[in-house]
Amino acid sequence: MSETRTPHHRPAEGDHLIEPDRTPWHALPAGEVAALLQAAPEQGLSAGEAARRLGRHGPDRLREAARERVPADGRLLSAASLEVRESELTGEAQPVAKSATGRVEEEAPPADRANALFMNTSVTRGRGEMLVTATGMATETGRIAGLLASAKPAPTPLQRQISTLSRTLALISAVVVAVVGAPTGSPAAAPSSSGCPRWRPSAAPRRSAPTRPAR
């Protein structure tokens, strides 16, 4: 019998790859999120199902309050004056207000998902309750960490300068070798048919023997 996987399924620890969950939880009503996660908003999970999921995914329903760090990604069920600092994820320095109501577009980036909480963000004010939709490397923070780990680091300015200097020195060396190794002097005399070089008259003028004066 094949295993039935719900949208929030994560590969087990022994699997080769953890795929980030791309279900648009922020664009769904809270009741539909609970149904897809097979969780009852009023009471959570049954004891058996809770024990199974707790060991694999962590708690499915969390209450967050001020000065607490969010341990997972989740869809808000309720919020009371809830504000969260998301600078670790979005770069926004100021806390942002959160609400369990209101519609969010499916393509909305994390910074615009007012009804969602994200792992490693901090609650600065108020309180809220959420259904967990992703944990670990399947969260938005985990996805970014995976991209950074797989990206090839760009060379530093010093490394670029050293590379340029190496290419310049190699070019100079090639030119010097070509100049020093070039043949110099007059061309050699062409050999005769007998294999010996042909005689060439000297370019210097010939001096005649001095004559003696007559006595």
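Note: Cβ is positioned from N, Cα and C throughout, glycine not excepted.
Curation plays no part in TrEMBL annotations; they are all automatic predictions.
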Range annotated as region 'Disordered' - as stated in TrEMBL, picked from 87-109, 110-132: 87-109
Within-chain partners of the region 'Disordered' (87-109) [C-beta distance under 8 Å, separation at least 6 from its ends]: 24, 26-27, 30, 76-79, 115-118, 120-121, 124-126, 128, 140-141, 144
Mean of the pLDDT scores, which run from 0 to 100, over the domain 'P-type ATPase A' (65-148): 93
